[in-house]
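Trainee: According to Swiss-Prot, the feature ATP binding site maps to 192, 193, 194, 195, 196, 197, 198, 199, an assignment based on sequence analysis. Among the features that Swiss-Prot reports, region 'Substrate-binding apical domain' is placed at 198-370.
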């Protein structure tokens, strides 16, 4: 008998944020995350100390999934960001950096947690109300008559992921493929409730990125021998399909627990095989041309199908089942019981395809909204990062269909929001404190901490020691290289703002970001030219960024409100 140990008492810590260890750990986490932010973000190599593969990334989903944090405060932060990313796919780094900045800034102030939380909530409501209003000059409506805005959005996502290691030509090629794949998932017939289809990403490593392509329907990898043996003759009316999610190998894997009782001299193998052959006869009688099985098909049943010119493909895997059901219209069959004819589906044709050294069955649908993105890359690491980026871009396009706006990127939304909040608080402080019941001094310091946190996120885009500026007309971010900074004449040094909307030849004045400047009212009228020049802009997903802003502030408030941390050490 193993030695029994007495249970250790739980460890209770008060005011966790007052601990210097927690503060320093939070600062380190912020540094790691902030250094990944933006197109010139630094890559991180993650690997387990006990071995395993090395993962190179700058994306929040991969970074936080592989980053081990132990303190409960950090777990709250990382879990909140991961939950946001699982729902919206984008703006994870933005959310994490803003949350860390808010916590650090509030901790330096002489404010009670209750007051800080109340003021943070008010300042958040100012931001969200403005971003949702028609007066917002950070928000651009999506024109569905053109693909320019969609391409800008996809291009912005691709260029913000340096671990994909794409050239400009490759970025344009992949961006166009992502948009094409997305458009293929939109049904032609619009009903009251539109249901988007699905795009499957198939790997082809060791090939040029520009060899990537999009195909309607579905690719199922197979050997060259299988293709020669199984491809049927074409039929004018299409091919009838049966889709099985249960094993057709004759095993008892689905029998569950218990005892199987068999009569004397009865062969279980022969009995099961006869049942499988009876199923095969039923499929032949029902004029099924193609049998797809998630698991294994018995060799004798395969031979039976082959002799009757029925194509049988097994081991397709669970990941393709949903897509196969959409492509064929078939309902997955989960037993060997008599089959109802309504469970069958159909495809237009099945043909062979070869890409690189791989061979595929290509299922061509009748009208299904399923397509395959054959994604090529030079190595495994770049392919994994590119796959994750393509999935993010697809999801962001879906979100944009639901809420057809984009936000200006390149840090301009953050600096513009900070300028808007500063001006609002400066001119309406008396009315705000009358409603909220705090002093103007507390409101001003809380607003400064909030705006500084937003500006720090924008400043995290600069990784090479350059100067970060804000113009005092639009409140947009401007970046100047370290070796060309010229405080005397910024207009000769600067080119365009972070999002690309404005150029430095306009009559503008600038101030160094995070320096002291008088609050100003940023122009809240978006120029009409912006609507036509969206293809040249850096933009972010409206839905994802708005959610990220809310999650960051709410998580910071939750952490600031922590009084005790109780850990079970057993």
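Using N, Cα and C of the backbone, Cβ positions are placed for all residues, glycine too.
What's the neighbourhood like for each of these?
Mentor: Around the Cβ of residue 193 (ATP binding site), the number of neighbouring Cβ atoms within 10 Å comes to 5. Under the three-state DSSP scheme, residue 193 (ATP binding site) falls in the coil class.
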Trainee: Averaged over the whole of the region 'Substrate-binding apical domain' (198-370), what is the pLDDT?
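Mentor: Over the region 'Substrate-binding apical domain' (198-370), the predicted model scores a mean pLDDT of 86.
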Trainee: By a simple count, how many Cβ atoms lie within 10 Å of the Cβ of residue 199 (ATP binding site), its own Cβ left out?
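Mentor: A 10 Å sphere around the Cβ of residue 199 (ATP binding site) contains 22 other Cβ atoms.
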